[in-house]
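Taking it in order: structure first as structure tokens, then the write-up.
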Amino acid sequence: MRFLILFLALSLGGIDAAPPLQSRVVGGFNCEKNSQPWQVAVYDNKEHICGGVLLERNWVLTAAHCYVDQYEVWLGKNKLFQEEPSAQHRLVSKSFPHPGFNMSLLTLKEIPPGADFSNDLMLLRLSKPADITDAVKPITLPTKESKLGSTCLASGWGSITPTKWQKPDDLQCVFLKLLPIKNCIENHNVKVTDVMLCAGEMSGGKNICKGDSGGPLICDSVLQGITSTGPIPCGKPGVPAMYTNLIKFNSWIKDTMTKNS
């Protein structure tokens with residue numbers, strides 16, 4: 001199946017059909033070196049397509065809409081376009097998209113209003129375990145939900161401009177607020193469900209963007225979400241982004257890793 005980057009072009013005035021979804025960081029800053037050691041860069045045929053999170057030495061979590069036929073990943077990177085001694089390259093032996101994600105959406109040229117992107121997560125089993133270092137460390141799954149209003153951190157190598165495709169070299173971080181789900185329900189034309197999180201800045205100027213899909217949303221130092229969808233232009237005022245709510249999927253994630261290790 002061909003890869004389709006997911007990101008919504010949304011407006012409060014509404015549209016007949018949104019183009020394919022995409023995600024990236026705008027309004028952020030260069031992450032401190034090795035401050036996000038769980039961050040993964042996911043590639044398709046040498047092209048960076050998504051972010052991911054290292055959960056265990058053999059397992060990376062990303063978004064289901066990042067699905068392609070073959071993957072490779074880089075761990076321990078701070079700079080996307082430079083060779084680094086800390087970086088580790090791994091192939092992916094098998095991918096496990098969540099069975100509840102509607103994979104047929106990835107074949108569409110346009111995303112229809114009301115499309116349901118629930119269950120947007122996927123596990124990647126690495127062909128060789130990651131070596132744990134200062135630059136490469138797994139992060140644990142959440143045990144409880146963060147409170148609304150919590151400060152969250154999203155990260156990735158997605159575009160740093162709202163409408164043009166401009167990848168940064170340095171890993172980008174951006175602080176966002178965890179918002180009531182109604183903020184996303186009122187401002188997105190796709191279906192918003194209770195397995196999603198809503199985060200952003202209602203004033204605009206900061207958000208995830210193209211290339212950040214599958215990356216982490218960390219709230220109060222706890223991994224709570226995986227980047228799923230957001231607006232174009234990125235950082236549009238009044239339109240937060242949506243993330244897969246990981247606490248809803250703890251059992252599936254753990255069971256899948258256990259049964260396929």
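Placement of Cβ uses the backbone N, Cα and C atoms for every residue, glycine included.
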Member of Cys50, Cys66, Cys152 annotated by Swiss-Prot as disulfide partner of Cys219: Cys152
Disulphide bridge to Cys209 as given by Swiss-Prot, partner from Cys198, Cys234: Cys234
Entry from the disulfide-bonded residues list Cys31, Cys50, Cys184, Cys198 having the most other CB atoms no farther than 10 A: Cys50
Cα proximity to Cys50 (disulfide bond), best match among active-site residues His65, Asp120, Ser213: Ser213
Largest tally of Cβ atoms lying within 10 Å of a Cβ, found at which of the disulfide-bonded residues Cys152, Cys209, Cys219, Cys234: Cys209
Disulfide-bonded residues listed as Cys66, Cys173, least Cβ neighbours within 10 Å: Cys173
Coarse DSSP state, helix versus strand versus coil, of Cys31 (disulfide bond): coil
Mean of pLDDT values spanning the domain 'Peptidase S1' (25-258): 95
